[in-house]
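Just below is one structure, and these are the notes that go with it.
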Amino acid sequence: MADVLTELPGVGPSTAEKLIEAGYLDFMKIATATIGELTDIEGISEKAAAKMIMAARDLCDLGFKSGVELLRQRQSVWRLSTGSKELDTVLAGGLESQSVTEFAGMYGSGKTQIMHQSCVNLQIAGKIYADLEGVVEEELEHPKAVYIDTEGTFRPERVVQMAEGLGIDGQLVLDNTFVARAYNSDMQMLFAEKIEDLIKGGNNIKLVIIDSLTSTFRNEFTGRGKLAERQQKLGRHMATLNKLADLYNCIVLVTNQVAAKPDAFFGVAEQAIGGHVVGHAATFRFFLRKSKGDKRVAKLYDSPHLPDSEAVFRITEKGIMD
């Protein structure tokens, strides 16, 4: 691996080893890095970092693409069922790869239940929809999930219950789900950055879940004086998640807390935490709310190409369904 990186200008065996230790295992990782990130590595100057990045971008053929090429790339997108046909319809077929989907809502609105159900559905071939002309079939073989839990709400027994409700082995789902408990924002960001190591180790990570995205940031950065620092850090985290989605054709799901809108006289009285940083970085944004009994309402209110719409789904003992 170090021999490959030495093809870059100014990168000898020693520098290559430092890059690998820092997680820069291939040209694409270097090509999508910033000069500041590379200069954090001992012995790499700004000038050397700029040369490395430009050379890596040339080797990865990064640059302008025609609309036809982008349309062809879109054919590699695959989708995962949420468990609810109505919610899948709102999403034009299901949760989409190469994107970040946010589910925000009050406690008990169903955010974590959707995350658990997604881990289960990933192991069911009939819940995965792909255009086999655009997706290499082997790419979706033996898919695995990563679940970064920041609130201590991941319940393996609930995953087993949902799996058995669909007639599959719950142990299989758990075997293919990596779980990490993050107690602060630094741990949360580190776990997200380590996902590439899992992929390089031969794990076919196709689903990444952060539950919840903003709770650690919200707890650590209190008051207006720390808002700018919080948003900058959150922005870097979202950039990591978007990069994972793009480079590895995986689905990224995040849950989000809400806060009251004191100036809201009409309409929605809550708003998702994270402000414009999360708003611009998330591809699809849902707001969840409780309805009667086991029913929940999911409102899609932000998407690059889908209209605003709502879906009603149920949270049952067997999982998410219509």
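Glycine too: its Cβ is placed from the backbone N, Cα and C atoms.
According to Swiss-Prot, the protein has these features:
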type    : residues                                                       : note
BINDING : GLY105, MET106, TYR107, GLY108, SER109, GLY110, LYS111, THR112 : ATP binding site
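Feature annotations (Swiss-Prot) mapped to structure.
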residue: GLY105; record: ATP binding site; Cβ within 10 Å: 24
residue: MET106; record: ATP binding site; Cβ within 10 Å: 13
residue: TYR107; record: ATP binding site; Cβ within 10 Å: 11
residue: GLY108; record: ATP binding site; Cβ within 10 Å: 13
residue: SER109; record: ATP binding site; Cβ within 10 Å: 23
residue: GLY110; record: ATP binding site; Cβ within 10 Å: 23
residue: LYS111; record: ATP binding site; Cβ within 10 Å: 24
residue: THR112; record: ATP binding site; Cβ within 10 Å: 21
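Excluding GLY105, MET106, TYR107, GLY108, SER109, GLY110, LYS111, THR112, which define the ATP site, the same chain contributes THR255, LEU288, LYS290, ARG296 within 8 Å (Cβ to the Cβ centroid), listed in sequence order. GLY105 (ATP binding site) falls within a strand segment according to DSSP.
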